[in-house]
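Here is the structure we will look at, set down as structure tokens.
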Amino acid sequence: MAQFQEVSKLSSQHPKPPGLVLQYGTAGFRSNAKHLDHAMFRTGLLATLRSKKTKATIGVMVTASHNPEEDNGVKLIDPMGNMVTAEWEGYATQLVNAEQDDLLIVLKDIIEKETVNMSQEANVFVGKDTRSSSVSLSQAVLDGVLALSGHNYGLVTTPQLHYMVCCQNTQGKYGEPTVEGYYRKLCQAFIQLIKNASNCTDDQKHLSVDGANGIGALKLHEMESHVKSELQISVFNDGSKGKLNYECGADFVKMQQKPPTGMEMSPGERCCSYDGDADRIVYYYTDSEGQFHLLDGDKIATLISTFLKELLTQVGLDLKIAVVQTAYANGSSTRYLEDTMKVIVRCTKTGVKHLHHAAQEFDIGVYFEANGHGTVSISETDPHSSKRKRAAQLLQNTINVINQTVGDAISDMLLIEAILAIKGMTVQQWDAIYTDLPNRQLKVKVADRRVIDTTDAERRAVSPAGLQEAIDSLVKKYKLARSFVRPSGTEDVVRVYAEAETQESADALAHEVSLAVYRLAGGIQTTHVSWKAKGVKMLAI
């Protein structure tokens, strides 16, 4: 076939480095940018097959999110704006890892297994972030898509591409499939919501945003004119200087528990940080004594679910609302939601695709990872239920400000700002809803992360033998303690999480569990000093 001849011709311009193996993880392929040219080309091929198979538009986003600037990555977006199915993740891994001479064999095998009609028209939307490598790598994707109606959206946030793919495949029912349409829908809904807030001062309308020197900062500047009257945004780390995600961004703030470099903060001022591709958000402030306070994904999920439950109660509507968390959720948040708010809490494996699917099982599913990646999923209303129709009308502005396709820092920010304004709540009052248990995250470098296997939504280790028993024994030494370990999805490290009644106890527990992982799971010695406790150097070994 002429198509396969074209694949062979273009593939030679994007050769695979011999022996290189990449795994399609929770966020697609991700690595140093210099290793990804062939992966981008082949992802373009697979996106075209997926489009032909589904008879729908498929998205391809070139980004490495919160990773350092020298990295890049790529992931596929399915027709409704969600992550590609697990089966096609497997095809992606097979295709990208096929040696050069075997590429057509693997490609034809996928076509045969999925009975893809190669004469079916394909449509692929391609987006990219602000990394310098994204220009050439997105072109490699387009080369893979070839002449099959690919569309290059250029610079967009990851959530914006998810949104536009969904709009395209719903024939505009979800919204207009353009960046401008995205701004109009979200911002008009935000302004309608804000009308329910009374006597907001200019100080209360002001928000400082750390753009992580990424695409989110550019898009915030584009959006400002749509919300200028109701939300006054000061953008820091806007890409005019500084490196992407370097000492800034949501991941840095969450992991380091301190403000980003380059952010000007006054005591009590409301601030937030995006990550590099603007699909994560965390809030924070400093108090009058200069102490830093973080409001992460757990606090965000609690604020949103509380607001939605109160709204449903006011209209007398009995819908099943749930909050979906991962093992990283702070224990205090889980207890508050279950014991005080009486909200269903579901725990899933790490990765937004797992949370998203779980959230869709409920009428309203609020899901956020502790790192600030999440959104709200709202089931379709029953057209035969007048009660649901009324609720849909009352909830319409809230629904429209939410990007239901995927976690979206801009959408989440607008929703949070609207809720705080409507409830007349300061960031300090929000923070005081419950008090986080002190916690610590470390990572242990190992020879092979696959030796770690987990169960119970990654909260317990099945292998190697003796590891879970060692963790259980260590946890018993501390009050209100828990700890778990899980293998990284992208590198040979094991991630360790611990929480306890005091920070000193959480630090000590994390260190002791890290030593157990090192001893039982084939740890590799490093000399990186991660943090200090009581004057003693503690290593993330």
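Quick reminder: no glycine exception, Cβ is built from N, Cα and C everywhere.
Taken from TrEMBL, the feature active site, phosphoserine intermediate applies to Ser65. Using a 10 Å radius centred on the Cβ of Ser65 (active site, phosphoserine intermediate) and all shown protein chains, the other Cβ atoms total 27.
Per TrEMBL, the feature Mg(2+) binding site maps to Ser65, Asp275, Asp277, Asp279.
According to TrEMBL, the substrate binding site annotation covers Glu369, Ala370, Asn371, Arg486, Pro487, Ser488, Gly489, Thr490, Arg495. With a cut-off of 8 Å between CB atoms and residues at least 6 apart in sequence, the same chain places Arg449, Arg450, Ile452, Thr454, Val493, Val494, Arg495 near Pro487 (substrate binding site), listed in sequence order.
The annotation domain 'Alpha-D-phosphohexomutase alpha/beta/alpha' is assigned in TrEMBL to 51-89. On the 0 to 100 pLDDT scale, the domain 'Alpha-D-phosphohexomutase alpha/beta/alpha' (51-89) averages 93 in this prediction.
TrEMBL lists 204-282 (among others) with the feature domain 'Phosphoacetylglucosamine mutase AMG1'.
Annotated domain 'Phosphoacetylglucosamine mutase AMG1' per TrEMBL: 296-424 (among others), in sequence order.
Annotated domain 'Alpha-D-phosphohexomutase C-terminal' per TrEMBL: 443-514, in sequence order.
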Contacting positions for the domain 'Alpha-D-phosphohexomutase alpha/beta/alpha' (51-89) when only residues 6+ beyond its ends and CB under 8 Å are counted
24, 27-33, 36, 39-40, 43-44, 114, 116-118, 120-129, 131-134, 137-138, 141, 145, 148, 158, 161-166, 168-170, 174, 212, 215, 243-246, 249-251, 275-277, 279-280, 352-353, 356, 404-406
Out of Asp279, Glu369, Asn371, Gly489, which of these binding-site residues is nearest Ser65 (active site, phosphoserine intermediate) by C-alpha distance?
Asp279
When each of the binding-site residues Asp277, Asp279, Glu369 is scored by other CB atoms within 10 A, the minimum falls on Glu369
Summary of DSSP states over the domain 'Phosphoacetylglucosamine mutase AMG1' (204-282), given as helix, strand and coil counts:
22 helix, 16 strand, 41 coil
Can you count the other CB atoms that lie within 10 A of the CB of Asn371 (substrate binding site)?
23
